[in-house]
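According to Swiss-Prot:
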- 110, 112, 114, 116, 121: Ca(2+) 2 binding site (BINDING)
- 173-198: coiled coil (COILED)
- 63-98: domain 'EF-hand 1' (DOMAIN)
- 99-132: domain 'EF-hand 2' (DOMAIN)
- 289-377: domain 'ABM' (DOMAIN)
- 42: asymmetric dimethylarginine (MOD_RES)
């Protein structure tokens with residue numbers, strides 16, 4: 001199916017490129033000049049590198065390197081041409097490799113021991129492991145330029161072509177989109193299969209710990225009504241609690257305690273008075289994993305970030321092992337803090353592999369003005385148990 005779609009896509013692109021430009025009617029030579037300018041490729045992915053520079057290694061002559069370089073440039077948040085360990089972990093964290101493994105990979109790529117890797121060095125490393133994906137990425141480079149030319153041609157036809165010319169161009173454009181979407185669906189299916197397999201492997205490794213956690217809880221985690229509204233509270237002000245009728249007695253008190261805890265975290269006055277709040281006789285030796293993400297957003301990317309954040313909060317709140325998730329928008333309007341309560345650290349790491357988390361991570365790479373600040377801490381589960389004062 002993929003080969004047939006690729007052949008049809010290439011045939012359609014060739015037909016579209018071989019189609020002679022329509023004769024100008026109303027604007028004559030001026031229209032043809034504008035159409036030709038629109039048909040020129042824009043912002044090529046291959047960077048302008050002086051020919052005298054031989055490049056760092058064999059990657060310079062390999063196909064697909066331009067796409068990889070373009071991807072890695074997105075991870076370079078401060079545009080200094082290199083990635084720090086924090087930027088590296090933020091961009092590549094997927095819940096499969098832990099922090100130590102990512103750090104080890106970082107130092108492997110950092111062959112000159114400078115505690116940073118430049119995008120070219122990173123590209124060279126991945127090129128050596130591309131395999132058959134070299135042809136795929138090289139084709140993407142060609143497709144990128146071909147699509148840009150086709151869009152310019154389409155604009156020219158619609159400005160000066162006949163109804164028949166417009167009909168043919170419209171048909172070719174839609175069919176090209178269908179064929180590309182068919183290829184994309186095949187790739188997405190492969191991605192989903194790999195993610196499902198990876199998630200199952202990690203779940204099998206973590207089964208003993210989950211059994212202990214369930215027995216200590218004495219039952220499943222109490223349900224709650226998630227709050228899907230993103231608000232902008234004043235500084236040092238806790239989040240509003242979820243609305244709606246609680247499903248169990250004591251649920252409203254749970255959410256109130258969580259909101260109070262978040263408020264204390266935001267004002268940086270959190271203290272653990274275990275003698276006052278907990279006692280071993282009550283079986284309070286179980287903990288929840290609290291994950292805190294602080295993000296500074298670029299002003300021009302704020303709208304895109306907010307849309308993705310709302311989707312992330314909705315999806316995360318529906319996960320069974322996420323006890324609570326909430327977000328705070330700080331007074332400057334561009335700083336956001338997300339708090340997530342997970343049953344175990346392994347559940348949170350498994351969440352990092354989910355499609356919604358990966359999608360949100362890619363949006364953060366494009367919209368944040370600096371790498372996010374991520375921290376985690378164990379919180380006594382008794383604070384979130386019904387019937388506790």
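Quick reminder: no glycine exception, Cβ is built from N, Cα and C everywhere.
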Cβ-Cβ under 8 Å with the domain 'EF-hand 1' (63-98): same-chain residues at least 6 beyond its ends: 44-47, 105-106, 115-120, 122-123, 126-127, 130, 133-138, 140-141, 198, 202, 349-353, 357-358, 361, 364-366, 368-372, 374
Binding-site residues listed as 110, 112, 121, least Cβ neighbours within 10 Å: 112
For residue 116 (Ca(2+) 2 binding site): intrachain residues, at least 6 apart, with Cβ closer than 8 Å: 82, 83, 84, 85, 110
DSSP-assigned states of the domain 'EF-hand 2' (99-132) in counts, ordered helix, strand, coil: 20 helix, 2 strand, 12 coil
DSSP helix/strand/coil residue counts for the domain 'EF-hand 1' (63-98): 19 helix, 2 strand, 15 coil
Env. residues of Ca(2+) 2 site, Cβ within 8 Å of mean position of 110, 112, 114, 116, 121 Cβ: 82, 109, 111, 113, 115, 117, 118
Around the Cβ of residue 114 (Ca(2+) 2 binding site), the count of other Cβ atoms that are within 10 Å: 10
For the domain 'ABM' (289-377), residues assigned helix / strand / coil by DSSP: 39 helix, 31 strand, 19 coil
